[in-house]
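Here's the structure we're looking at; comments come further down.
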Amino acid sequence: MEEFLDKLPQMDLMRSEKMTLVQLIIPVESAHRSITYLGELGLLQFRDLNADKSPFQRTFANQVKRCGEMSRKLRFFKDQIDKAGLRCSPRLEIEPDIALGDLERQLADHEHEVLEMNSNSEKLRQTYNELLEFKIVLEKASGFLVSSNTHAIGEEIELHESTYSNNGFIETASLLEQEMNPGHSNQSGLRFISGIINKDKLLKFERMLFRATRGNMLFNQTTSDEEIMDPSTSEMVEKVVFVVFFSGEQARTKILKICEAFGANCYPVPEDTTKQRQLTREVLSRLSDLEATLDAGTRHRNNALNSVGYSLTNWITTVRREKAVYDTLNMLNFDVTKKCLVGEGWCPTFAKTQIHEVLQRATFDSSSQVGVIFHVMQAVESPPTYFRTNKLTNAFQEIIDAYGVARYQEANPAVYSVVTYPFLFAVMFGDWGHGLCLLLGALYLLARERKLSTQKLGSFMEMLFGGRYVILLMALFSIYCGLIYNEFFSVPFHIFGGSAYKCRDTTCSDAYTVGLIKYRDPYPFGVDPSWRGSRTELPYLNSLKMKMSILLGIAQMNLGLILSFFNARFFGSSLDIRYQFIPQMIFLNSLFGYLSLLIIIKWCTGSQADLYHVMIYMFLSPTEELGENELFWGQRPLQIVLLLLAFIAVPWMLFPKPFALRKIHMERFQGRTYGVLVSSEVDLDVEPDSARGGGHHEEEFNFSEIFVHQLIHSIEFVLGSVSNTASYLRLWALSLAHSELSTVFYEKVLLLAWGYENILIRLIGVAVFAFATAFILLMMETLSAFLHALRLHWVEFMGKFFNGDGYKFKPFSFALI
């Protein structure tokens, strides 16, 4: 048997790849290039030899800091390009590699240029917005001034009091300079202040002015025609132009302070109509000049950003690679001469030749006089777990890894989950109409695979795309199980001709309840469509699906136990085979394996025996005659033997192994044997990284702890055999729920609406049926069946053999950054 097993071909996914711990001694002059080439290869996971040092104490901390600063500048350029509405269009030609120092200088120059252009543009934009506000104030305030001019004193009162609240506004406006330096002002005459304020502040602003002047003011306001950009916040807001008439220097001071507090911008407006028109022309002229200047600045800035955008993608990749290289170099140690860097890491055994060739090429390309020393080390801790997967198996491997990463070289459940997972899903989801809908969705994802793989997807879409092959297999198995159940959106199809049953005579009026006879062989595949609508439909389908669920569950749990045997055999643990695998197989199959056998015999013979009665009285009255419940000769003695075996298996699981471990431990430390004790149950307090091959410690053997752990493990298996078998009945329950929901939506929505002659009611019925099918049956039910299949694999199947305390192989690879 062992020779036969040894001759079987190796499976890539059955066990993780064999790993090797290697040491690298790299000369300083070729260190950077060597790490770069290893990152391109992506098959070496470095160990951090400076874990006790902070990031700032490491050798290449300054280089990492420089890379971080360059990353910040590149993010700044990316944000500026996005804000400008430009696209990063990388050059088609291959750019030569650029040194880190040269790239750093280029980025600094570009950043300085862009920041300077942004600053100038911001100042010009602020001036433009202020002039725009000034223009609006001139247009709106002139009406108030004309109406008030007839009541004003003959002496012209210019608005030198109307101080402009924004510092240094319009320093060169010739007419404005004249207006700000009037001849003389009557200190007791009527004055005014004009400006503009946000509309949402207007009521509070007016109330504050009224209280500050004790009502001795006249407030006029009008809304601007459109939203304008606020000069201080650069936000589009709705503003209101106001003119405040007052008297006295003290009132002027109070009003200006209130304007400043509320963020109102005050602008000087002359009373004379001619001067207003002249000032308006000057403002419009300056606005036109500023628009031309802003457009030219925007074009110049966009040209500069476009020149950056051509190389931005390559620069981002270069900086990321350089930072990853220096982060990896920080994990290496200098030797005593400070001329070489020493590193350690894990690599797959098959990759040693490739790594050696890469290091030789790095030595040659860097013109180093000394080559890189590459040699294998003796591993103490457990290696990382690495599986070589493809697009199809990767999704199933991720499902398993979500529960726990496999211990180094233990049996991998993902191999079997590729088939069992979609099949158990389909048992719960079996409807070939719904399966076709899932298939169309999976085919759409596969057809757009190349395009979607290069796009940035949302979290939900990314999850769907990553599981596209899982969805494909679930759809195919759902179609298969739906054909077995003979359900197409809950409707049975006569795929293989008519039913095997027909009416006894021509007077048979109800072919679903009475008068049916079987006139030919059973339906060749799937459920006979005549069961649909009959009085015995639910009892028949429930019996079929319940028994099928038990058979599938016992088969999968037995597969899990068989894998535990292969694990124990691979790790050389004969104790686990003799005192764990054998009694567990006996216990499970003496009870539930026997139940599965009875189900198959009953199906084959057509017996009317009550299996509930058989199993219950197998425990309560094992010696009583079975009577009409006897399925085969010798059933009662066989049941007694199986019951005794089940009772014997429990202490077999519990007692021998702890005592055998204590005996081996005592012999080992008495000098009679020096072999390393290898067992999955020896060192209960050992961390996962020392689970295999790390046995040079001399800890005190704690027999009580070993015994308690074995007791818990035995009780858990005994109780779990019952609960896990019952858990597989969810296959029956969810299949029944899915079928009944489909029937309700079909009969109570679609057929009911179709019974009306009104076309509107029919359309509503079709819409409701389509909505219920899509969102309840194809989304909620799919998710429910998916999660239940997940539970059956994680707990019922993997719990029989899977440790899941390993850690992933994470190589240094540029493809992963």
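Just so you know, glycine gets a Cβ as well, placed from its N, Cα and C.
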Topological domain name match (Swiss-Prot): LEU751 vs MET780, membrane: no
Top partner of the transmembrane segment (759-779) among 423-443, 469-489, 548-568, 581-601, 640-660 - counted as Cβ pairs under 8 Å: 423-443
Confidence summary (mean pLDDT) of the topological domain 'Vacuolar' (661-758): 76
Within the topological domain 'Cytoplasmic' (602-639), residues counted as helix, strand or coil by DSSP: 22 helix, 0 strand, 16 coil
Residues from the same chain, set at least six apart from the ends of the transmembrane segment (548-568), whose C-beta lies under 8 A from its own: 410-411, 413, 416, 420, 424, 427, 574, 576-577, 580-581, 584-585, 588-589, 592-593, 595-596, 599-600, 680, 721, 724-725, 727-732, 792, 796-802
Summary of DSSP states over the topological domain 'Cytoplasmic' (780-817), given as helix, strand and coil counts: 24 helix, 1 strand, 13 coil
Intrachain neighbours beyond the transmembrane segment (640-660), with Cβ under 8 angstroms and 6 or more residues off its ends: 575, 578-580, 582-584, 586-587, 590-591, 594, 618-619, 622-623, 681, 703, 706-707, 710-711, 713-714, 717-718
Cβ-Cβ under 8 Å with the transmembrane segment (469-489): same-chain residues at least 6 beyond its ends: 391-392, 395-396, 399, 418, 421-423, 425-427, 429-436, 438-439, 441-443, 445-446, 495, 525-529, 532, 541, 735, 739, 742, 746, 773, 782, 786
